[in-house]
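Per TrEMBL, the features are:
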- 1-573: region 'N-terminal catalytic PFK domain 1' (REGION)
- 144-166: region 'Disordered' (REGION)
- G206, R270, C271, G300, D301, G302, S303: ATP binding site (BINDING)
- D301: Mg(2+) binding site (BINDING)
- D348: active site, proton acceptor (ACT_SITE)
- 574-587: region 'Interdomain linker' (REGION)
- 588-959: region 'C-terminal regulatory PFK domain 2' (REGION)
Amino acid sequence: MTVTTPFVNGTSYCTVTAYSVPSYKAAIDFYAKFLSLENRSSPDENSTLLSNESISLKILLRPDGKINKNVEVHLKELNSITKTQDWRSHASQSLVFNTSDILAVKDTLNAMNAPLQGYPTELFPMQLYTLDPLGNVVGVTSTKNAVSTKPTPPPAPETSARSGLSSKVHSYTDLAYRMKTTDTYPSLPKPSKKPQKAIAVMTSGGDAPGMNSNVRAIVRSAIFKGCRAFVVMEGYEGLVRGGPEYIKEFHWEDVRGWSAEGGTNIGTARCMEFKKREGRLLGAQHLIEAGVDALIVCGGDGSLTGADLFRSEWPSLIEELLKTDRISQEQYERMKHLNICGTVGSIDNDMSTTDATIGAYSALDRICKAIDYVEATANSHSRAFVVEVMGRNCGWLALLAGIATSADYIFIPEKPATSSEWQDQMCDIVSKHRSRGKRTTIVVVAEGAIGADLTPISPSDVHKVLVDRLGLDTRITTLGHVQRGGTAVAYDRILATLQGLEAVNAVLESSPDTPSPLIAVNENKIVRKPLMESVKLTKAVAEAIQAKDFKRAMSLRDTEFIEHLNNFMAINSADHNEPKLPKDKRLKIAIVNVGAPAGGINSAVYSMATYCMSQGHRPYAIYNGWSGLARHESVRSLNWKDMLGWQSRGGSEIGTNRVTPEEADLGMIAYYFQKYEFDGLIIVGGFEAFESLHQLERARESYPAFRIPMVLIPATLSNNVPGTEYSLGSDTALNALMEYCDVVKQSASSTRGRAFVVDCQGGNSGYLSTYASLAVGAQVSYVPEEGISLEQLSEDIEYLAQSFEKAEGRGRFGKLILKSTNASKALSATKLADVITAEADGRFDAKPAYPGHVQQGGLPSPIDRTRATRMAIKAVGFIEDNQAAIAEARAAEEDFNADDKTISDTAAVVGVKGSHVVYNSIRQLYDYETEVSMRMPKVIHWQATRLIADHLVGRKRVD
Ligand SMILES: Nc1ncnc2c1ncn2[C@@H]1O[C@H](COP(=O)(O)OP(=O)(O)OP(=O)(O)O)[C@@H](O)[C@H]1O
Ligand SMILES: O=P(O)(O)OC[C@H]1O[C@](O)(CO)[C@@H](O)[C@@H]1O
Ligand SMILES: [Mg+2]
């Protein structure tokens, strides 16, 4: 090791270079120790890892004795300097090294001329550099040991348990780092006087992608909470059969790697016996025999109806079991109460009170991909396709697929029509589309589609009409079980995981008086709903349909379902029908994309424009962002035919760039706004779009043209726009990254002891890494909000090593480490992989992997497409609703007061917060809720998700 330490009293800088250090951790620790300023030391950006075993570290002090700002920022990256959680404080904090500190350094240096903690003296030659006030080196004095500029290799090890380290060095490393040797897995339940809870999970009904994530989360969370975890194999069939073959205890390792697997690994069935009391009686007996006192059922409406019935019957079932001596008095006493909880798993999305069921978005993904494929062949032949999708009693899949693929017509059970009505309607819209130049026709038919007289409508009925009445060359495609196949999309993995955790909490918290809960999701929030009422509501929909009370059926569906249906009808009719609004209410609305491309941007433009047309507004696109407008007057009114296919296309059809209005030319932009007489503006994009809205809002005082309602639809894979928990594109990116990780993980699994460090995009936001790590079950994720603390890194390496050790004999499992690019500028994924490999010391190795711009995704995910439609229509609604507020102010030229809250509220961000869609004024967001220099919201909504991701893989946090 070579250490050079230039400094003079009270002046410029102090450099430490440590070469050929036997271990990275040793180098850092040595460095910290020798400065005697553990809390203030850090390498700077020039830190280089020379090889697996060498590192160069440097710290700079400014002439005024303060640490250079870069270094300050860097402090959080390589050593959590102030041990504070608030990483942002580093950016503004000045850490002052005063003269006495520097003298202390000098003394320490001198003291270190003696062998330090096992390092031979010759490894620590030093120099004092004398600097002029500008920081130039004007003199060099060598200390006792002459400096060696060449890296000196460490001495050969004498004896060591770990190759490459001398025994002394080894002990130094261990001592200095207090290497964690504790088991990082949550401990299994310890014997306790209190009876341990035993929680069982089953999957039931049709399998759904994401069920495995649900089971994994329930098993691990139950164990983590000191309970025993059981699985019931084959759904209710397993309960009825009973015994250890069907009701099995599961351990932590039993669910390893399950997130990336489709279907359900614990089996499912449709069990007729459970529908009879005798079957349920057997089920109760078997549960009691296994000692299970809480049951979590992951299934659809049928399964949860069964669960609800089971719980309500429980007292009478156990009474009977006791009376007939099938259980003991003691078992009876212990099991007087059965806790039941539902996590809704079904591709149909047919359960009331939840926005989504586990598996529904995966099935939608399969459907949209299939329709996207069909679209190409349909276009080539100018054909019509009738696509049948699943959904026995629920049209959600057909409806959302209709929106996401801009299908021409859909059939859903909730909105039946008489035979002549649907035939006329379908033919009318299809022929209008055809006459305007559309070469393809896509009609989506839900499996449960019915006419007003309740007779089923089959794909061949539809086919016949398209052929007979319109003469279209028509084909039928029945997607069938392909829709349930494959691995879960990120949303389902995450939803299933979060619901699993909440289900365990719910059964542990519930008492005999609490109604059984169902774990639901409303917008972005996991919530508990009463199971019985949800089941009742769901049944009521089917009953209303049977009673031909379709209005009621629709009113019983979630408001989001109704919103989607109205949206579909509006964008589908575009300018083909008489506009809804009277002439005096019709507006000129502009849309512009700002920032990097993100999945769903085109869908937003398409939906905004078609919805505007249906309302009677005139939609305009500003091409190529603000610079396009300022330089080339790139404004065009959007017409329907030009946008064909945009709903499902990736990238940005109207072009985008990062230039803000002030950078482009605010004056010119205002001039064009005035020229085109825009009544409203929709900006779609990420942080630059956010900045743009802020600039335009602030410029209202000087430019009357901006005194119009303006709204931002957040769209960026970084998901860092203040005012929303969700930005368009973040789901597409998450899926792209997740699929990449699945592939890389598979490769890692094929090589013994292999981990991959995956470099993730997202700017200063760790959202993508965090959610991807939850979706793929990554062992570790590093994000900019936390940086990479050396202690944590050290802990993680040991934990990974243990984790590899534990996986031995249980099959091969590759491990993933997800690192946001900005989590550390010094440690790229490559360097991090090298450091980890060196520190793992032969126990495993790490390789870097760079998905890069693949993360922007190809085609937008169905979630991004359908949310884009929803947000675009909400954005147009915002512009309509705010006309009056701003029009008045506009008229009062003289006294225009941009600070008036009514006025400033007319420039807002539309976003999702918790369980609501909200509009937040840009002023409020920019002034109070944004860390502008970091391009981040002040409050990160997903902090808890990081802990959950860690918790589910058993990663231990150092602080
Ligand atoms: N009314 C009921 N009483 C008792 N058990 C029931 C009842 N309804 C359904 N079950 C049980 O739940 C199982 C699954 O129900 P079903 O086939 O309706 O699927 P599901 O849970 O609705 O899921 P999906 O619709 O996604 O396939 C049934 O096979 C049966 O064992
Ligand atoms: O796989 P099975 O038992 O044929 O059931 C098919 C049914 O299951 C579901 O996929 C889920 O309920 C329905 O959409 C479909 O009607
Ligand atoms: Mg069902």
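Every residue gets a Cβ built from N, Cα and C, even glycine.
Under a cutoff of 8 A between CB atoms, and with a sequence separation of 6+ in the same chain, the neighbours of G206 (ATP binding site) are T268, G300, S346, I347, D348, R484.
When secondary structure is read from DSSP and collapsed to three states, G302 (ATP binding site) falls in the helix class. Cβ neighbours within 10 Å of G300 (ATP binding site), excluding its own Cβ and spanning all shown chains: 28.
The C-beta environment of G302 (ATP binding site), restricted to residues of the same chain at least 6 apart in sequence and closer than 8 Å, consists of S204, G205, R270. Of all residue pairs in the ATP-binding list (G206, R270, C271, G300, D301, G302, S303), the one with the greatest Cα separation is 14 Å apart.
Apart from the site residues G206, R270, C271, G300, D301, G302, S303, the chain places the Cβ of S204, G205, G235, G299, G306, S346 no farther than 8 Å from the centroid of the site's Cβ atoms, the recorded ATP location. When the recorded positions C271, D301, G302, S303, D348 are checked against ligand 2, D348 have a Cβ within less than 6 Å of one of its atoms. Under 6 Å, Cβ to nearest atom of ligand 3: this is the test, and of the binding-site residues G206, R270, D301 it is passed by D301. Across all of the region 'C-terminal regulatory PFK domain 2' (588-959), the predicted model scores a mean pLDDT of 93.
Under 8 Å, Cβ to Cβ, and six or more positions away along its own chain, C271 (ATP binding site) finds S204, E234, G235, Y236, E237, V240, G279.
Listed in sequence order, S346, D348, D350, M351, N393, V535, T538, K539 are the same-chain residues six or more apart from D301 (ATP binding site) with CB atoms under 8 A from its CB.
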